[in-house]
Amino acid sequence: MPKHGLFHNTLTIWAILMSGIMVWRLAPGVPLTHDAEPNIARFAAYYQSFRDGQFPPRWAGELNYSYGSPVLSFSYPLPGYAATLFRFMGIPYETAFIILAGLSFFGGMFLWYRFIRLFYGYEVSLISAVLFSSVPYSMLNMFVRGDVGELMAYALIPSVLYAIERHKPDIVGYAALILSHNIVAYLITPVFFAYALVRAKSAQILFAGGILASSFYWLPALYEQRYVRGSLFIGNMYKDQFLPFQNLVFYPWGYGAIAGIPGGQAPQIGPVIAVCVLILLFFKKRNTHTPVPLIFWFGVLGIYLFIITGWLPFVWDIVPFLPMVQFPWRLLSVVSVSAVVISTVCINYFFFHQRFMLYILFVCTLAYTWYSSAVNGYVHHEDGYYETYRGTTYYHGQTTPVWTAGDASEIPANPVDIIGGDAVVSDYTRKSNLHTFTVTAKNEAIVMDNTVFFPGWRVSVSDHEVPVQFQDPSHRGIITFTVPEGVSDVRVWFSETKIRMLGDMVSLVSWMVLVGWAVIRRIGLIRRI
């Protein structure tokens, strides 16, 4: 067999085996991880909210022991939207989670291949694509953390890089990245801007369009952050999460919540990619041309590594919202991108004509991917478990309103209580965003709807809107209001505030312009044909 054919066959087998590891690990079900169950419970909340007519979904009525939570106003929505689509097709929530994880792995591989193919041939691009999807940080997100949002966002990064390189205003790709995981989008966007400048590419439409198209999500979330305890609970948490450089190269794999301790999770670049980076750094001739901006990617790698390790502490003090990242090692999503680009150059420059070295690379990546994708167990629950999930899906109270006494710990005895006066409640109906009931009062009464107040909740009594109170010291943060003597038909509903409507309108206009522009281009193309 010719050597060229042997290498092609070996490359194909390696790519299949690397992909097969993912299929093998995910086939039995949802891995036992830190966040898989809360994320899937959020899927159920999105589905229930869509079913109840919320668009876009912002309020999860069954979470927080049925007191409700504004979690959907702050959580990255695209995974929930996708899971809802699968659920409407009859696919269980857990299966939807596995599908999204698999699509992120294989979709990211394809998108990275398409991007690198602009610079290199088929073989190098395929090797690079497999490395991109199987970096240890992705394995951590998939099999230890269970963060499908970060997986989806990471997979979409090459779509934006490709659009910048090709002068294409891929508004959909950038908006999807923002909606997949706001933190990843926040961390990678400066790199996109810098890359466009370095490559002398015009990307204003891409950035502006993506930001405007996703404003229905980020604009209200940014404004309403003042109403929840995210910054209070998270605070300076990042100061205890810096990792030494050597841990980012290799640290024994673990499944605990705390990084950098024995048995804990091990966010890292991985030794295989680290070796490729070091080889290129120390052995490449300085004046050798590369089709990718190598100095730029080395700069990104170095700056972000310094930020992760705490060597640039002032950055955390001066960059807005950076402490909200919580864990500095989350910047590994950006570090991994730059490290894979550098590794690709190394493979093309040193390894590609030394096939024996490539075979060693194949074996090492197979072994380390198998090691870092090991599963700590599997979980399985029916859909009903997630649809009646009692927590808020967050561990640190990030979406708990500041005026409450904290998250609930038990289901209320009644959905509605009379806490003042003499009255009875009847004919109660409930959706996530709408409660209706009748109050028969012998005198003026104070009614408590056992729902956490958040801007947007409104109350009407016999078709007349009444003020909503939530400052009762005995029932902090719970919706209360007054009804007159007699029979009153009460309607309690969740609505869009002015800032939400502004975000909605900006997004709607942006998408209308995008669709109209696409139609006009299509018509023009047809006429030219």
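Even glycines carry a Cβ here, placed using N, Cα and C.
As given in TrEMBL:
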TRANSMEM  6-24  transmembrane segment
TRANSMEM  95-113  transmembrane segment
TRANSMEM  119-140  transmembrane segment
TRANSMEM  171-198  transmembrane segment
TRANSMEM  205-223  transmembrane segment
TRANSMEM  265-283  transmembrane segment
TRANSMEM  295-316  transmembrane segment
TRANSMEM  328-351  transmembrane segment
TRANSMEM  358-379  transmembrane segment
TRANSMEM  501-520  transmembrane segment
*Can you tell me which of 6-24, 205-223, 265-283, 358-379, 501-520 gets the most C-beta pairs within less than 8 Å of the transmembrane segment (328-351)?*
265-283
*Output the single range from 6-24, 95-113, 205-223, 295-316, 358-379 maximising the number of Cβ pairs under 8 Å to the transmembrane segment (171-198).*
205-223
*Test the contact criterion for the transmembrane segment (358-379) and the transmembrane segment (205-223): 3 or more CB pairs under 8 Å, pairs 6 or more apart in sequence, then answer yes or no.*
no
_Contact check, the transmembrane segment (119-140) vs the transmembrane segment (6-24), 3+ Cβ pairs under 8 Å, seq sep 6+_ = yes
_Which range wins on Cβ pairs under 8 Å with the transmembrane segment (501-520): 6-24, 205-223, 265-283?_
205-223
*When you scan the chain for residues with a C-beta under 8 Å from the transmembrane segment (265-283), skipping those not six or more beyond its ends, what do you find?*
34, 131, 135-137, 140, 144-145, 243, 247-259, 294, 298, 301, 327, 329, 332, 335-336, 339-340, 342-343, 345-347, 349-350, 361, 364-365, 368, 372
